[in-house]
């Protein structure tokens, strides 16, 4: 099944900066959407064609001419300097779950641009005032936060929550071991928050242990455990039952989101969703990272060390005590994270293959024999057929992290609720133009903006 090491096809046919969008449709097309101001209906793919013309079938887009392969696009996104771009302010809330665990929600705070005198062109703001406010709200014992991010006071949090009466909500799920601080997530948050002169309230849900969130229950994220997403969304819906809620998932976050959508089926509280650069099949994704020479040498070790670092910074909470006895046999439903020891962490720090990490930590916690078994079970392509809400999917065939073999052509054609937009360029989550702006994030924002405005 798997290939020995090989050099990928890096030929002129895979180079370029003028990309093209292609719709993947079944014979019956896509599900009809009802307009809010009339009795008219329109299929999802026709809605995109008419109201998001930059995503219509055959649409062209232009990327940075110097980043002319998916490898270069993705490498620049991960290693380039974006410190002066996407100047988003976040207000952080600690989210407590029913099992005693926590994550954090970073609410986009566009009003802080005025509060802290943001000069976007110079990428400057009143850092002294922000620092004073940050010190006044920072909870004791929690790590310092990324730039332009601070905890909300109780009064600010109450005001933030009150927006639920007036603003539709967009929830953003980040990539593997990432968070709100990542350039792509900041770009997405910025684009979403500017739709319709600020029509959306936007929040990034940072997974347990990510983006300087704490782990409190000796439990960390996996692609199979969507309970935190479910609990957060259900809580938001319970607070404001009439509020429209949307979600955007990026990379691993897209896998989490589409797993959740498939599990919820007809009971999903979301009105629409967007999945960007989803690694639909984790086995094929691992194969790409392990056996594609370029992907292996450029990205595999980095992703593996992202995971290892997440464990390391949370080791005080994750570490099992000496002579720890497992109280029950680990299962997917009742995992036991019993392999989180200092000895295993030392092993993981030498890993270069993500499968090594999941063999040691993730699979045993669920009673699975190995990481590949976990990958097969956790792949969101398994749950795509049961997605029942309008969902926009964007994947690039030159994605150097997932490869094009993960793209779910058959399943997308068979599910009228989804529209798969295949692009021939863009890399993994990158799609950077000559100004280092992301074409991809703008498509997600444009789609949700038009959907919220026009669809019932």
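These residue numbers are counts, starting from 1, taken along the chain as shown.
Each residue, glycine too, has its Cβ placed from N, Cα and C.
Within 10 Å of the C-beta of residue 251 (active site, charge relay system) we count 26 further C-beta atoms, all protein chains included. According to Swiss-Prot, the feature active site, charge relay system maps to 251 (among others), an assignment based on similarity to another entry.
Under the heading active site, charge relay system, Swiss-Prot lists 399 (among others), citing similarity to another entry as support. Reduced to three states, the DSSP call for residue 399 (active site, charge relay system) is coil. Taking Cβ-Cβ distances under 8 Å and a sequence separation of 6 or more, the neighbours of residue 399 (active site, charge relay system) in its chain are 70, 74, 277, 426, 427, 428.
As annotated by Swiss-Prot, active site, charge relay system applies to 428 (among others). According to DSSP, residue 428 (active site, charge relay system) sits in a coil region rather than a helix or strand.
Positions annotated as domain 'AB hydrolase-1' by Swiss-Prot, on the basis of sequence analysis: 168-434. Note on the domain 'AB hydrolase-1' (168-434): mean pLDDT across this stretch is 96.
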Inset, instruction - For residue 251 (active site, charge relay system), name the DSSP secondary structure in the helix/strand/coil scheme. - result: coil
